[in-house]
Structure formats: C-alpha cells, structure tokens
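Asks: Annotation comment: TrEMBL describes 102-191 as domain 'CS'. Annotated domain 'SGS' per TrEMBL: 214-304, in sequence order. Taken from TrEMBL, the feature region 'Disordered' covers 198-223, 284-304.
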Amino acid sequence: MLTKQLNLILQCIKPTIGKGCAACIKLEEYQTAKAALELGLSYANGDSRFTRLLKECEERIAEEASQAPVKNVEAPATATVEDNADIANMENAQPVVEPPSKPKYRHDFYNSATDVVLTIFAKGVPADSVVVDFGEQMLSVSIEVPGEEPYHFQPRLFAKIIPEKSKYQVLSTKVEIRLAKAEQLTWTTLDYSGRPKALPQKISTPAETAPRPSYPSSKSKKDWDKLEAEVKKMEKEEKLDGDAALNKFFRDIYKDADEDMRRAMMKSFVESNGTVLSTNWKDVGSKKVEGSPPDGMELKKWEY
C-alpha cells in the first residue's frame, strides 16, 4: 500500500524534478542538478529522462574540471614580471628633492686689496641682535630679532682670513662685514664650494707692478713715475682759499663718511637751502631742517 502511494506521488512530481534539473543545467549549476537527479533515480530507478539528464550533468562537470586552471596555494618562489617591473620603476625613480628655501636676507660681496667686504641687506636690525664670529676660514653670522624668524649664515670661506683684523658694523639698512685677507688673492666666490680648481690670481701690489714700457725716441727719456709722484705731491700741498678750500674740506668729509653721515649731510644741506650741514643722522633724520642764515643776513624764499 505504501509503495503504491510513493509511486503515485513520484508520478506527480517527476515532471517538476525534470524541469528543475534542466533549468539548473542551463544555469550551469551542474552539481545541484546532479544531486537532484540522483535523488530522483533512487525513487524512479531506470527512468530514461533522469538517466539522460544525469549523464549530461556528469559530462558538463568533467568538462569544467578539465578546463579549470590549476591554482598554486603556496607563495611563489620568484616574483612575477609585473612585480619585477614595479621594483625596477621604484629603483629608477628619482628622489623628490625640495627646493632650498629662500634666505631671509640677501647678501653680496666685493674685493679690495686687503679685505673682502660682505654686505647683508638687513634693514632696521638692532645692533644687539647681530652676532658675528670669525674663524681662520669660517664665518658665522646670526641675526635674531624677537618675534621674527632667526637668520643664520655660516659659510666656509673661499680662502683664509685674519680673524683679529676682521670686523663688522651694523648700519640702518645693512650689516657690513670686513674680512681681512690672509693672502692677497682675488675671491671669485664667497663660499669655498665654489672655488675653482685652478689657483686664483694674486692681487698685484705696487711693488710687484711691472715697469712701464719705454719706447725708442729721439727725444730725451722722461721718468714718468717721478713725474706722477711730483704731481701728486703738488696736489696734496696745494693751498686753496675761500670757497675752493671750503668745498675741498666738505668733499673730504663726505668721502670718508659712512652711509648715515652722508644722508644727514645731504638732507640738512637741501632742506636748509645750503645754510646747515649736519653729519648726525639721528638729529636730522626725523625732522625737517630749518634754514639758519649767518648773523646779519636774512633768509628769503624766491617765488617762481
């Protein structure tokens, strides 16, 4: 009785099982279809439709197995071509170099016969904020103003200097440093790193100057060096009177003055209409210089 009922139920669901297995095969779900077909054959042994579908499933499963790539679970012993290319690119990559930051103050220098004059253009820096140390071939400059970024300049110098003869001066617009040369060489750069491989040319002194060439002439020979010395002596001993002597006196003062003294002289002379000449910038720099005519004279303004 039970076997008859099972056969009756199986007859009812066989079409559904067949359609479901066919759908799984089309969806390439071969393992699912195979399990369902084996279950169906266990109840309907010898059913030709189930046998045909099961055979098709097994063929598809075997085909998949033959085409599936073999995967190696272990880590590869050697790097792939892509890995080698990445490593080569990393090795050949140039390192990123950040550009040097711009210095806070600009500097420049020039040569004289005995000194190298270095100018650091630091305007309005208090004198007590500047520290300069001299070494045999080293220079250290520190400018530390409260509330501002500190400035440090420490080059290895182009050539040796005499520290005890070197000095510096803090002016209103700059810091002027005089480096006393240990050798009379022309510095082509300030820093030793820019020194040329060839030896720099020595500065010739008057004693080393070659004698002036003499040319054949029917006239008597002249001693040009002696003549030049006599002219200089005459200029030095020349006695001037009146305005000429006064102008020479003012020219000598202006020539030997520093920058602040020259500014004071120009400002006081112009603003006072030529009646005042001051060399004290602190006194005349912050005010207008009024005219001061000599006793017994009156200052008048001309109308244009």
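Each Cβ is built from the backbone N, Cα and C atoms, and glycine gets one as well.
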Asks: Count the residues of the domain 'CS' (102-191) that DSSP assigns to helix (H, G, I), to strand (E, B) and to coil, and report the three numbers in that order.
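Replies: Its residues fall into 6 helix, 41 strand, 43 coil.
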Asks: Mean pLDDT for the domain 'CS' (102-191), as a whole number?
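Replies: In the predicted model, the domain 'CS' (102-191) has a mean pLDDT of 93.
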